[in-house]
């Protein structure tokens, strides 16, 4: 009865807040958290077909974030007015055509407001919270329902980069010590080719004029930071355009920076007809430099196209964002050159991707052939930043900007950005898989992805795992349900409802922990049904999943060598990050 009373209390508080616009008391979040502990129910299938059931009354959203999202959709349905209806879990204002419901759902998923693959039970997904976020980001009245203003916003052409709330800038940037390079690939035929290039150059100057950056145009055959090209529908990066209208363009964050423009649009200059190339390009280059979308409607980084602006000027919001990353203008200016850059990328400390002038990010070779080149030395350090088994049972080891696919007789390698798409930083700290979702951790944020999604919502770790520190070292999820996060010599155990149960030393929680792991681990992964692998200093150790007992390998040793046993292609090529230097400019 006590639990029933708590449920009724919270439902009443939500009803009052929703209908009468009365703010919840300060104690409400803790009460709602307690309710989610009592009522959350989920049965997830892990990578090996095992299930971990718990009992309860309410079902969370598919990404398992609903306990932070406010009202449950079943409560919303009971409080709609006579001028509203509920269609497939979405509250719809009278006069808005029901066809907009599916458009809204697709939009919310595509741009990061709801988890991917949202074909779960309609009551599982809190569309009201997602709509409120969407309306806030679009700068329209926040009602939480599909009203006329929301339907109009859905039909407005926009940028294809997901909306990441509420953050303004990326944690990954270009260096200010040398120009950011750009080159031209395929261009639109809507304008004279020289005019296209002039509009692009003008778009770069927008950011050059107010920041500590400079830009250099280089031939398309050279190593380049930002490659500009036009294409239609499937244009080679795995993120297809949608024809005229809808998504106009998209760009990749540093250190992949490329900007792609939908050639199905009619690109124009200096006119209100068509789509203004200069303004869209300047917006996309904001992403290429590390800016996310802005909620300020007058800002260039507002996600929706607002038409041609004759006397365009950057908004103060845009200026503040770019200067927070790169400082103010030093007067270096944007230059154009037809010569190869004199600074070779491999001899600098610049945190960018490797040479990819003639490759496409979405195309990753995942098999090893006799003609495949030797792996880069940096990929052969023997140490991994993270190791993850994804929802398709593929195991990837991440090391700097590279990955190794380990679930093959002869492991293959490639760039992390090629395999996982844009929106995921390359400085990954840890990763694990739960059900259909793969989680990635970097600094104080987590990102998630499924097999059908390439975009990555960026969320503070403490929104989901309260009490978890930033910059974790490793993580794995037990087949029994708990998730173990590692930070220095400590391990944080969270239950299946993502509540912290215990913080203790690694040597205290597991049995017969090798002394080499007492001070911390580099990566952890559930390798198969029986064993968890722990990586540290070029070696890996194994522990039984159910008994949490470290055991020796058949040769009697407590560890196995990573290069000898896991990535033999690296024999003779091992090189630590610190000593990599500029040994091979092609890498």
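Using N, Cα and C of the backbone, Cβ positions are placed for all residues, glycine too.
Residues or ranges marked as signal peptide in Swiss-Prot (evidence: a curator's inference): 1-18.
Taken from Swiss-Prot, the feature N-linked glycosylation site applies to 64 (among others).
The feature N-linked glycosylation site is assigned by Swiss-Prot to 126 (among others).
For residue 141 (N-linked glycosylation site), the Cβ neighbour count at a 10 Å cut-off comes to 10, with all displayed protein chains included. Per Swiss-Prot, N-linked glycosylation site is recorded for 141 (among others).
Listed in sequence order, 159, 161, 249, 250, 251, 259, 261 are the same-chain residues six or more apart from residue 284 (active site) with CB atoms under 8 A from its CB. Taken from Swiss-Prot, the feature active site covers 284, and the record attributes it to sequence analysis.
Annotation source Swiss-Prot lists disulfide bond at 380-582. Reduced to three states, the DSSP call for residue 380 (disulfide bond) is helix.
Regional average pLDDT for the repeat 'Hemopexin 2' (425-468) in the model is 82. The repeat 'Hemopexin 2' feature in Swiss-Prot is assigned to 425-468.
Taken from Swiss-Prot, the feature N-linked glycosylation site applies to 584 (among others), supported by sequence analysis.
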**Request:** Give the residue counts of the repeat 'Hemopexin 2' (425-468) per reduced DSSP state, in the order helix, strand, coil.
**Result:** 4 helix, 19 strand, 21 coil
**Complete:** A correct count of other C-beta atoms within 10 Å of the C-beta of residue 380 (disulfide bond) gives 25
**Request:** Give the distance between the Cα atoms of residue 380 (disulfide bond) and residue 141 (N-linked glycosylation site), rounded to the nearest whole Å.
**Result:** 53
